[in-house]
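S.K.: Heads up, here are the entries from TrEMBL:
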DOMAIN    7-127  domain 'Response regulatory'
MOD_RES   Asp60  4-aspartylphosphate
Amino acid sequence: MTLLKNTVVVVDDDSDDQFLIRNVFQQTNSAIKVVTLSDGDEVLPYLNAQDGLPELMLLDLNMARLNGLQTLSQLRQEKRFDALPIIIYTTSSNAQERAKALASGASDFITKPGDYTDLIKLAQHLETTWLSE
């Protein structure tokens with residue numbers, strides 16, 4: 001499957017978090033395209049409509065209809081999504097949730113930063129670690 005270079009999909013039901021992460025990525029690198037989805041049940045229809053896979057997906061744990069772990073499990077059941085890096089991006093720092101997410105196929109588990117400066121550092125880290133140059 002083709003790679004949608006510099007595309008990050010953010011799945012989060014909090015519109016403020018969507019806004020912040022989009023702005024931070026665009027501030028650190030204007031070439032990054034951020035796609036926001038509001039719930040896990042929007043992920044498969046979105047991915048199925050694309051000609052390729054995003055380079056990275058940030059997936060919140062706690063969402064109303066289909067939560068992050070359910071979405072992760074759904075994606076990891078399909079071979080075509082094996083190469084998609086999926087990072088759980090959540091307010092939780094619970095060790096059991098982290099272990100469960102990683103065991104379910106998450107590429108990483110990151111707690112949302114508390115301030116904007118730390119969010120910028122996180123975006124820079126994600127860019128250098130997961131996105132193509």
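All positions are counted from 1 along the displayed chain.
Cβ coordinates are placed from backbone N, Cα and C, and glycine is handled just like the others.
Just so you know, TrEMBL annotations are computer predictions that nobody has curated.
So that I understand the layout, could you describe where these features sit and how close they are to other parts?
M.R.: In the three-state DSSP classification, Asp60 (4-aspartylphosphate) falls within coil. Within the same chain, residues at least 6 positions away in sequence whose Cβ sits under 8 Å from that of Asp60 (4-aspartylphosphate) are Val11, Asp12, Asp13, Asp14, Asp17, Gly68, Ile88, Tyr89, Thr90.
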